[in-house]
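Positions annotated as signal peptide by TrEMBL: 1-22. Residues or ranges marked as coiled coil by TrEMBL: 125-204. What TrEMBL lists as domain 'Cation/H+ exchanger transmembrane' is 280-660. Per TrEMBL, transmembrane segment is recorded for 322-340, 352-369, 411-434, 454-477, 498-518, 554-572, 579-602, 608-629, 641-660.
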Amino acid sequence: MKVLGRSFFWVLFPVLPWATQAVEHEEVAQRVIKLHRGRGAAATQSRQWVRDSCRKLSGLLRQKNAVLNKLKNAIGAVERDVGLSGEEKLFQVHTFEIFQKELNESENSVFQAIYGLQRALQGDYKDVVNMKESSRQRLEALREAAIKEETEYVELLAAEKHQAEALKNMQHQNKSLSMLDEILEDVRKAADRLEEEIEEHAFDDNKSVKGVNFEAVLRVEEEEDNSKQNMTKREAEDDLGLSMLIDSQNNQYILTKPRDSTIPRADHHFIKDIVTIGMLSLPCGWLCTAIGLPTMFGYIICGVLLGPSGLNSIKSIVQVETLGEFGVFFALFLVGLEFSPEKLRKVWKISLQGPCYMTVLMIAFGLLWGHLLRIKPTQSVFISTCLSLSSTPLVSRFLMGSARGDKEGDIDYSTVLLGMLVTQDVQLGLFMAVMPTLIQAGTSASSSIVMEVLRILVLIGQILFSLAAVFLLCLVIKKYLIGPYYRKLHVESKGNKEILILGISAFIFLMLTVTELLDVSMELGCFLAGALVSSQGPVVTEEIAASIEPIRDFLAIIFFTSIGLHVFPTFVAYELTVLVFLTLSVVVMKFLLAALVLSLILPRSSQYIKWIVSAGLAQVSEFSFVLGSRARRAGIISREVYLLILSVTTLSLLLAPVLWRAAITRCVPRPERRSSL
């Protein structure tokens, strides 16, 4: 009881000064020190002191109720006062209501603290789970209290602003205004109405939405000139400078939409990041060109130097990656622009069968190794599927600028390779659609495996239906829309290339939006947009390619730099032997599986291209970064497996040009070799 009384006092102590004078306050403080140290007081005196404190708390609560009644009567008197204007009544009533909330919240805080003390005394100090739950409940209570306090503070600011406006109106009524003052007053009222119309109240509208969590964050103000040193507190609060928020999980957030949309803002961090990437990518690209490597590896090195494993100077990593995705969109559009639908008809069976057989074989080998290494089947399927995908942007760079002609009826390896990559892009969209079910299957009981398999089959059916709808839409666009649309752009863009570039970009975005709405990958939509435009003839293809290629090249720099942001040389150095072995195993396995599958489905006259196509497929797609990050967040793979996937993907991309060059040198006659590298 003595321990309970002393602990109970620590909850009561914050409210005692409300009812005591200065001398009593000092006596209470001295008494607390003595009780806490266990000296100078008997047990009976301690219990008596606790009872006195409880009586004081009871008196404070009765006093609070009396004040609430007085406030209620005051509100009624203000509402009945005919001498006050509507604005003055609203302000006074609002002020009384805020004070009522303050009293009620203070009382709630006292009893929440008592409840927390009771729960802590009833718990087991050796039970970590119980202490964790108590800590979580206290954290939730603090978050709710912070939200209420923030709401009250905003209301006080609004009341203060309302009071200032009322005072200003009274001053205007007591003096005559000039014509300019009247105009400015009308403008002020119009501006107030504009702010009220465009203000979204996003905080109040979303704080009660299901799934919204209250988090404690740190707000880091942007360091600017010394002009902020002389700012008042009010000016600093109203300042719209870009701030950075950091939550307890070390995630960093920047401003996406300011409260006042009438003032233009710019994300200076993002601007500095793009400028830095543009300046550093030039020497890195020159260096790779000098030693005979593709310039894309220079851009990856640029990302490594600027990323978390290097100088860590890139602040807007998500924004840089998002901009880089547009590089993939335009690259795939140009790939489709060079991809003839007539050639696709010749290789559609190969393009469809090859990637499907390779994926099935990769999953089979993955399950076999997973069984031997005692890895869960869900993880084995996921890892095998990630490794079965190849990089479409990388191979597109290899094939860029090369001729596409066939020789004596033989199948062109570039057509086969691009067709298989397009099928893999479709598989990527299919896998991303099935991934939520795969996550649930990994956590479900064995009795529901049949149901999970049925759900996966239903999803596959939905994706196949979406693909059929996409290709039906493409046939309609090719027959009725793309011709008139291009002719209109061509007429309007004479002497003004902006219309042509904008029109083609809008068509690309339309196709990727349609495929996204139909739950198919956006990359497939970009490729189909290029294929549809290429159906208008080689002259159209050359004109559009000349306009789009500069945009594609700049955005490709951003894309490959964003890949370098996820390359960690220190981790590769620590585990170099393991990573080199795993990378070589994956590259050799993909090369041999591709060669085996192509030897079974290619015509005998075109068997020589299987080595070139296999070399083009013998690397891991950069989209494994996206799949790996989602799987890690979902708990399918661990942090270690995620880092291994990133490292193996990066090393396989570095080996890809070497293998490609070797295959081209060995299998293609010298006059017909591509000048891709």
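Keep in mind that glycine also has a Cβ here, set from the backbone N, Cα and C atoms.
Counted over residue pairs 6 or more apart, the CB atoms of the transmembrane segment (352-369) and the transmembrane segment (554-572) come under 8 Å in fewer than three pairs, which marks the two as apart. If one looks beyond the transmembrane segment (322-340) by at least 6 residues along the same chain, the residues whose Cβ comes under 8 Å of a Cβ in the stretch are 274, 392-393, 396-397, 399-400, 404, 415, 418, 425, 508, 512, 522-523, 526-534, 541, 544-545, 548-549, 551-552, 554-563. In terms of C-beta pairs under 8 Å, the stretch of 454-477, 498-518, 579-602, 641-660 lying closest in packing to the transmembrane segment (554-572) is 641-660.
For the transmembrane segment (498-518), the list of distant contacts is 329-330, 333, 429, 466, 469-470, 473, 485, 489-490, 492, 524-526, 528-530, 532-533, 543-544, 547-548, 551: same-chain residues at least six beyond its ends, Cβ to Cβ under 8 Å.
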